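What Swiss-Prot annotates here:
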BINDING   34, 35  phosphoenolpyruvate binding site
BINDING   105, 134, 135, 136, 137, 138, 318, 340  UDP-N-acetyl-alpha-D-glucosamine binding site
ACT_SITE  129  active site, proton donor
MOD_RES   129  2-(S-cysteinyl)pyruvic acid O-phosphothioketal
């Protein structure tokens with residue numbers, strides 16, 4: 001069984017207390033990618049065998065998905081702090097617990113492997129961060145094109161297919177979730193499936209490489225056209241997840257706003273290209289002394305720039321809030337355009353509480369740089385917004401209290417310890433001695 005460790009206490013009153021204005025220095029270790037770990041855990045369901053995943057961060061979302069898989073008859077076991085063994089031999093079609101599924105959008109990834117391997121899947125519509133609709137229509141249409149009968153009733157998606165059939169699927173939008181779901185389903189389908197306008201994110205490539213290690217035949221991952229030739233069965237494997245490009249970007253921004261020189265490892269340089277390009281444009285110096293390490297040297301003054309979020313290889317939406325923190329204290333006027341998700345400017349009001357000058361109209365945010373931010377009590381509304389407020393607190397004059405840690409704990413493993421190791425002055429404050437429930 002999955003060894004569920006008690007997560008940090010995160011009641012609504014719990015918060016990070018940050019003393020701003022301290023320079024960072026040293027090297028920080030980047031964890032495995034949360035977004036890869038979640039989909040690869042679902043991908044392990046494709047094999048009636050045991051799979052070992054390495055570089056899996058011990059996060060709340062990982063623990064939730066582990067419990068969901070256990071409800072489906074899967075044996076999930078932690079092997080130390082960074083590896084998980086998944087034995088999907090006894091996979092069944094039980095309904096996953098809604099209390100868990102409602103908190104985790106990644107739970108929907110199970111629908112592809114379930115219908116491909118067992119012929120039926122019943123998965124409640126998912127939850128997660130409240131940053132937009134993020135609908136599942138593309139997943140549903142793709143499964144229907146492969147011959148599945150799909151119904152949505154009382155909030156539960158049911159998919160049935162005696163045997164999925166390979167086909168040509170065009171995605172109206174290069175959705176990462178739809179690409180991953182359909183790619184997993186196609187690995188065990190009869191014949192050849194081609195996904196056009198596919199997502200090109202590194203996490204999609206990681207999933208493809210993982211499935212290939214299990215015996216799948218997948219070609220073109222990382223381009224906008226992916227071809228999958230179905231096989232009869234897949235086998236277990238041992239696989240190491242890619243480093244988390246968003247965590248790496250978070251630490252680059254922490255260094256930038258505090259005007260600090262730090263080193264990050266391990267990283268995959270090509271995954272950081274959009275963020276590194278913008279930081280260099282603003283005046284920072286970024287070097288890659290070897291293929292797994294990045295060194296950041298700050299600018300004395302940062303120049304304003306414009307940001308438009310786009311699917312990979314464009315600027316990642318998950319870095320938008322973090323980059324806005326730096327733009328808020330840069331010289332000049334900047335414009336941020338959010339084209340991937342609606343409702344993703346929840347951090348703006350909180351940054352303005354700290355002295356930023358940001359105005360939002362529709363999916364655009366106009367930023368007038370100010371000399372500095374000031375510490376204040378602020379609350380994160382989603383995972384990346386909360387991370388952005390932590391980064392803002394590191395740069396602010398005075399003391400910042402960041403609330404909403406339940407969001408932060410979903411996506412950053414040991415972030416306080418890592419920042420403290422670089423010299424940041426922060427601590428988690430919990431006013432109550434009563435622990436939150438074990439996830």
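Note that the numbers count up from 1, one per residue, in the order the chain is shown.
For all residues, glycine too, the Cβ spot is worked out from N, Cα and C.
Values in this document were obtained by computation on a predicted structure and should not be read as measured data.
Shown on the structure are the features that Swiss-Prot records.
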residue	record	contacts (Cβ under 8 Å, 6+ apart)
34	phosphoenolpyruvate binding site	57, 59, 61, 62, 244, 246, 247, 411
35	phosphoenolpyruvate binding site	106, 176, 203, 244, 246
135	UDP-N-acetyl-alpha-D-glucosamine binding site	none
137	UDP-N-acetyl-alpha-D-glucosamine binding site	none
138	UDP-N-acetyl-alpha-D-glucosamine binding site	171, 172, 173, 175, 177, 178
318	UDP-N-acetyl-alpha-D-glucosamine binding site	246, 249, 384
340	UDP-N-acetyl-alpha-D-glucosamine binding site	309, 310, 311, 317
Simplified DSSP label at residue 136 (UDP-N-acetyl-alpha-D-glucosamine binding site) comes out coil
Count of other CB atoms lying within 10 Å of the CB belonging to residue 105 (UDP-N-acetyl-alpha-D-glucosamine binding site):
18
DSSP, reduced to three states, assigns residue 34 (phosphoenolpyruvate binding site) to helix
Three-state secondary structure of residue 340 (UDP-N-acetyl-alpha-D-glucosamine binding site) from DSSP?
coil
When a 10 Å sphere is centred on the Cβ of residue 136 (UDP-N-acetyl-alpha-D-glucosamine binding site), how many other Cβ atoms does it contain?
22
